[in-house]
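Here the structure is laid out as structure tokens; the discussion comes afterwards.
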Amino acid sequence: MTAVLPLPQPLADPAPRDPRQRLQREQLRLGKRLQRQVGQAIADFGMIAPGDKVMVCLSGGKDSYTLLDMLLQLQRKAPVPFSLVAVNLDQKQPDFPAHVLPAYLRGLGVPFDIVEQDTYSVVSRVIPAGKTMCSLCSRLRRGALYAYAQTHGVTKIALGHHRDDIVATFFMNLFHHARLAAMAPKLRSDDGAHVVIRPLAYVREADIAAYAQARQFPIIPCNLCGSQENLQRQQVGKLLQQWDREFPGRVEQIARALGDVRPEQLADRTLFDFLALGRSGDAPSDVDPDPSAWLSASHAPHDSD
């Protein structure tokens, strides 16, 4: 009896035995994944157009470093030409290492500017001791950056908010403001003068942290508000971290849901015409009673009263 030998299996690429090689391979995969996610977000929301001048708001934190790094890499192979300028707002915080960002940016060869504005003194004077400074600090910082964009021909303002920021903002609005709202990947500023983009909208914070560590970015901690405890955001952040541990994929599903809104399955009358639903044929809308009439009827005395 002739024995049937099994067919030889194709040889897979052997895993590197050297831990350093394994780490390098993992870092390479991570970088490619981030590039793909950033490129997808730019494409999905039309974030960058030919000839755009994109201002990358660089704080010295892991998110903005990663944002700049990704855009620099994509710029070299992007389907459209665009320029970049990195802008940091020096808020005159005590002990702020003002030399770090200029040295880093000169090493990259990227155009940059340092905008000096003493928002630290303003925030410290206005906000009572022990209170979170984040809200006022954010408004002042945004105003200074918008002013720079207005006077320097910037067409897009790129911020470093990531997927977890967007989901956390959704829950903060839900829990504390009773509204369904998050952070838009692309928006026009309230004054209508600026277009703001968030190219990291599809990127997990954990991936950004790992990438920043691998790239050894010179992280600058925020001594004004970044080290303060914003209780609401902290609580939501812990909730998302718990879900990530116990229910992998749940936060990703929530993020995807923000792009699949069904107004007819909610209760916002400004988004869906519930009054027209079920109206027969071409019946004019003026045949519907004034909604206030139903309220009046509910409060009217009964015949037996």
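Count begins at 1; order follows the chain as displayed.
Even glycines carry a Cβ here, placed using N, Cα and C.
It is 1-20, from the ranges 1-20, 61-80, 241-260, that Swiss-Prot records as region 'Disordered'. Across the range of the motif 'PP-loop motif' (59-64), the DSSP-based residue counts are 3 helix, 0 strand, 3 coil. Over all protein chains present, the Cβ of C137 ([4Fe-4S] cluster binding site) has 23 other Cβ atoms lying within 10 Å.
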